């Protein structure tokens, strides 16, 4: 039986559990004062000693491999040789094709600058190794109280009819079965479509999780997404030959097939909405029948002390959230949903860290949360660590990866290079980040006055940033979930409903300085850059001058900003050879033997740099080649249209919309990659470039044929006139 917690928030600020809040607040203030005294009495010598220890430990952990040292040497050689080649090309201009030569020089200078900026961010690559066993010995010893921090996992669902509910269920199951203390993990599912299908699917998922989670824990199953686990083409008895495992695996696979039948039955049931809308199992009208106009909804499907698994052990909490939506209100797509989850989680569970996943991304390593905590709890780097970024890996890709879907160049080369400077840029999907930092804890520390510190119900300035909820503001400062454990859940559910209303963010800093940043479809990327530089809307060349952002990190951000502009010189440069062949004017003058040798050395050093780059990163040659192919394809098509379409759309005042891509069946593994989707934005520019390249050959073929015939006739005549 599914029941739904539904409430209409009051217009006034709700202050539930005032006495509990005051007691916890006083305790927190005492801890804060002791911490301030400890900081004030700390000597300068001790600070320098800590910095020396920190720097030494980081240097020991980031030692360069022989491949990286050789790569640095070839990199420096390539940059010097490239500079010489550009200098030689600039000073050897061609008079009869001056404008073509000048255009080619400008394009080559841009290519060289772009290549140098790209290489500078990869000078200090880092490969990190974690030891979760050591972490557990320190923070989670058997028989002692667990000291690992709480983690809130966010999953966003837009439309369950377009995004497969079965895929969402597998994502949730991989989270519920993660190797982390169950009482310290809470999974929040945001349903922006307010679909009863999503809630019914999660209810069925909870029932199956009671069987799946103990099975994974008992036999150490990897990965813990059942669809991916049972579809693996491996010998599952290789590492576990016991007959008990084989028997239970067959039974679990049969139960999973029954679970899939139940999910598919729900999907078929919810294809067509009745005239009077959907109704829940108890006959109550579903409040989300109108997806554009419905109140906020929260349902706790798995809670502390609630249903346990088949072995009587606790399961992580699972919460369904659908924020309020009203007509003629801007909802800010995924960023608005994530900010709503931030506020709800701060009240219900108040996890110290946040993990964001899409509904079609699962955790393929059950110890991923422990590995992230190895960095967040490391005393040497925890004070400077903002987030831990995990790469995304994809299933269902053909062996040759002809469309470069894995994007290994970005995850295994670029991000590792940035990790050696000040850390990679954050792509919030798969990123473990500090929840307090997302909530804007720096604003809280800077704007709190003495009156607000002593009395938690007098938040005057803080309410202008975080909204009118005193409970939300108090939960930001408190580092654990003491509020939600000690107080009655009804009061906090009403407060959670209140913070996901449409009007809550009015006249606050949400979306501007706090939480996920609004104004872009790529809100996760903008938010990560905002967290790293505190002001991505400004130019990275001079913004934050004199701050803690290093020069190489600033250069990396500049390169990330301007790299689509390379499409303009790329399109021009692709047409120059055809124009030269048609007009008979060439832009490359005659060069000396020494110049030829120097050009050959330049190309050889660049090639050697690429080979060594693949060696230290582990990227294969085929993956590297696919990435180069799609860099050119995207440069002459999608990037070119983006730099034209984006500014025009901004000038016209149009807002970008979010398109949900329909998920295909998981049974069709390689069908989709081989289907070519025809779109004029991708096909026409590449067709134009290819046609223009072939045109000189077609035009010159008749003339070339006549020249060959004349040469053949002349040779035959000479042979016939030869004496003897």
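We count from 1, first residue shown onward.
Note that Cβ sites are derived from N, Cα and C of the backbone, with glycine treated the same way.
Unlike curated records, TrEMBL annotations are generated automatically.
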Among 526-547, 548-569, 570-591, indicate the range for which TrEMBL gives the feature transmembrane segment. 570-591
Rounded Cα separation (Å) that holds between residue 524 (active site) and residue 162 (UDP-alpha-D-glucose binding site): 22
Number of other Cβ atoms within 10 Å of the Cβ of residue 192 (UDP-alpha-D-glucose binding site) across all protein chains: 23
Per the Cβ filter (under 8 Å) with a sequence gap of at least 6 from its ends, the transmembrane segment (630-648) is approached by 403-404, 564-568, 570-571, 574, 681-682, 684-686, 689
Can you give the largest Cα to Cα distance in Å, as a whole number, for the residues 162, 163, 192 that bind UDP-alpha-D-glucose in the record? 13
Note down the number of other Cβ atoms within 10 Å of the Cβ of residue 162 (UDP-alpha-D-glucose binding site), including every protein chain shown. 13
Residue 192 (UDP-alpha-D-glucose binding site): secondary structure state under DSSP, collapsed to three categories: coil
